[in-house]
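Participant: Mind having a look at this structure? Questions to follow.
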Amino acid sequence: MAKYKVGMVSLGCDKNRVDSEIMLGMVQNEYELTNNPKEADIIIVNTCGFIEKAKQESINTILDMAKYKTSHNCKLLIATGCLTQRYGDELLELMPEIDIMLGVNDYAKINEAIMNFINGNNEKVKATNYSDVSINEGLRLITTDKATAYLRIAEGCDNFCTYCIIPKIRGKFRSRALESIVEEAKKLAENGVKELILIAQDTTNYGIDIYGEKKLHLVLRELAKIEGIEWIRVLYCYPEAIYDELIKEISVNDKVCNYLDLPIQHISNNVLKRMGRKTTKEEIIGKINDLRKNVPNIVLRTSLIVGFPGESCEDFNELKDFIKTIKLDKVGVFTYSREEGTPAAIMEDQIDEEVKKAREEEIMLLQKELSEEINKNKLGREYDVLIEKFNGEYYIGRSYEMAPDIDGCIYVKGNGAKKDQFCKVKIEKALEYDLVGVVCNESCK
């Protein structure tokens, strides 16, 4: 009997991508995988439920995939992820198109759920409460470029920012054991991975729950010992949780990219307090200065929320002044999304959508100008570039200054560049977010 074909649509963040990779790793031995939903007998939609825009995309995708039940081969539609965890039975009632629903802690049940359905048991699985990080993440089927992989070091969050639903969806903060992280990283390196990107809802507090103190610096130190790993990149660092040992490890460890993602969300103390952020403007600026002083050529990325309830014109202008003065290398900006079940959703002084959008556009324009200025200062510099693809005219890759998907890229001219390899590139042209360079002779490895 021919194997059923399974297709996957993964939505949302890179943490969701890891969940999708775990599920694909679990089903690949039992079923044939396909990227074409027209061919799939079983379609899995791993949803995002973080903000309204993401929820709508997830719902639309489920409905789009449900059409393949009548037009093509789909016999089973499975919804998983944050949306299913957040809404549970309510989602099943609203969307009868879903045959099976699994929450963010139910991925180990994926094969059992599929087999039960095939055998005629049509009971719809419900989302369960969070548990420890117990799934063997080594079973993952990596979906990124061969040389790059995300490595989750913790799950859940204890910060409880007033705008965020994640603690209710993903549960309390739980660190993975260091031995488990290193074991998975070794397997990734054996399969050709050169860049590890460490992720969690909060990477900087790694270890505080299981070791009694923050141990991210130790994770970096141990991962750097693995043969084949060239870059280690850290995302989702809470600025108030950055500590001296971590800064020192970044500065002395050649394999750790001089790059940090610091989602500060705002700079006005008024807004930070209403957001429930455990820091202040003064502390944030102090931490940025410490990083720049102690880590040469460090690149700092952040994300900002505009239009938060009570954000005054003065608060917004303070944010603009901060961006102009501090000149962070990479900035992502989002309009506040009013999410039911969060304290911010019932706050007074909600901001009109038109005002939110105007503020978002103003920040984006400001950062665009700064980004072009920052990039022009890179002209003539040489970078080690990890080549990811060839578009027919240029090789395309990234330097240590660029995380995949969220930052720019480097368009590379010249002979010798190879996919999934590093090569030395000299920058010849600066664009708003991207760079153009030429391969330095005999530099690829």
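Just so it is clear, glycine is given a Cβ too, placed from its N, Cα and C backbone atoms.
So Swiss-Prot says this about it:
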- 4-119: domain 'MTTase N-terminal' (DOMAIN)
- CYS13, CYS48, CYS82: [4Fe-4S] cluster 1 binding site (BINDING)
- 143-373: domain 'Radical SAM core' (DOMAIN)
- CYS157, CYS161, CYS164: [4Fe-4S] cluster 2 binding site (BINDING)
- 376-441: domain 'TRAM' (DOMAIN)
Participant: Please work out the number of neighbouring Cβ atoms within 10 Å of the Cβ of CYS157 ([4Fe-4S] cluster 2 binding site), leaving out its own Cβ.
Facilitator: 23
Participant: If you measure from the Cα of CYS48 ([4Fe-4S] cluster 1 binding site), which of the binding-site residues CYS157, CYS161, CYS164 is the nearest?
Facilitator: CYS164
Participant: Using DSSP and collapsing to three states, where does CYS82 ([4Fe-4S] cluster 1 binding site) fall: helix, strand or coil?
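Facilitator: CYS82 ([4Fe-4S] cluster 1 binding site) sits in a helix per DSSP.
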Participant: Can you tell me how many other Cβ atoms are located within 10 Å of the Cβ belonging to CYS82 ([4Fe-4S] cluster 1 binding site)?
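Facilitator: Excluding its own Cβ, the number within 10 Å is 28.
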Participant: List the Cα distance (Å, whole number) between CYS161 ([4Fe-4S] cluster 2 binding site) and CYS82 ([4Fe-4S] cluster 1 binding site).
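Facilitator: With the alpha carbons as reference points, the distance is 17 Å.
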Participant: If you take the centroid of the Cβ atoms of CYS13, CYS48, CYS82, the listed [4Fe-4S] cluster 1 site, which other residues of that chain have their Cβ within 8 Å of it?
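Facilitator: What remains near the Cβ centre is LEU11, GLY12, LYS15, ASN16, THR47, GLY49, PHE50, ALA54, GLY81, LEU83.
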Participant: If one measures from the C-alpha of CYS164 ([4Fe-4S] cluster 2 binding site) to the C-alpha of CYS82 ([4Fe-4S] cluster 1 binding site), what distance in angstrom results, rounded to a whole number?
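Facilitator: Just about 13 Å between their Cα atoms.
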Participant: For the recorded [4Fe-4S] cluster 2 site, enumerate neighbouring residues of the same chain (Cβ within 8 Å of the Cβ centroid of CYS157, CYS161, CYS164, site residues themselves excluded), in sequence order.
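Facilitator: My list of surrounding residues reads ASN159, PHE160, TYR163, ILE165, ILE166, PRO167, GLN201, GLY276.
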